[in-house]
């Protein structure tokens, strides 16, 4: 088995999907989890206005709506959380995503004050954060807020990670990577677009340039610029296609060096890092 085949198998990726079937699979997955633990009453998700959170949010609301109708439990709710750092550049996209999702409840938590307070506390301890590390601080503060909300609403935090992010480790450890349940796991980027198109999502929300937008020195830095490969390259790789050797090597390099993010926490029984 080649490394490419191993990666595809590990991430559960498929070369072709039926969007309607995958929508139903994700919705049923979320419903089944909540039904297994009836003390859980909410799904909580941060909405950024990008493709991934828009899709995960829509699937979450669909799951909650169906489960509420099936059980008669009106305590069930989907909570969409806006988590800007100050003023968000693509705020209109966030509002458009909210309008598309139609969440039961929308909360806004501005994380800037908390991030600056944490940065100042570290500075007083003699640690000056780089812009990159401050970006990770933002991602972790967003997740901290979501878990606080979930804790107060008997909820679970929904993740947006999918195969095209998992393969590159393009998420913050214990930030956007630190979630309870990931309904998009297995899908690549273009497949996520197919699901949103099938759901009737406004095109600009899934055709926009993907960006984590965490760094102050490089605002709205495209994911593809940070990774050195395009999402089309990554999707082709995950679909088993043959790529230029340099591109494949870059993708595989990301996979190997970010393995620690996909195995949390590392224990004495792990040896992947020795290879």
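Here the Cβ of each residue, glycine as well, is placed from N, Cα and C on the backbone.
The ATP site recorded in Swiss-Prot comprises 46, 47, 48, 49, 50, 51, 52, 53, 160, 189 together with one of 2, 211, 242, namely 211. Annotated deamido-NAD(+) binding in Swiss-Prot involves 173, 180, 260, 261 plus, out of the candidates 123, 134, 140, 218, the residue 140. Considering other CB atoms within 10 Å as the measure, the emptiest surroundings among the binding-site residues 48, 160, 211 are those of 211. The two recorded residues, residue 52 (ATP binding site) and residue 260 (deamido-NAD(+) binding site), show a Cα separation of 23 Å. Largest Cα to Cα distance within the recorded ATP binders 46, 47, 48, 49, 50, 51, 52, 53, 160, 189, 211: about 19 Å as a whole number.
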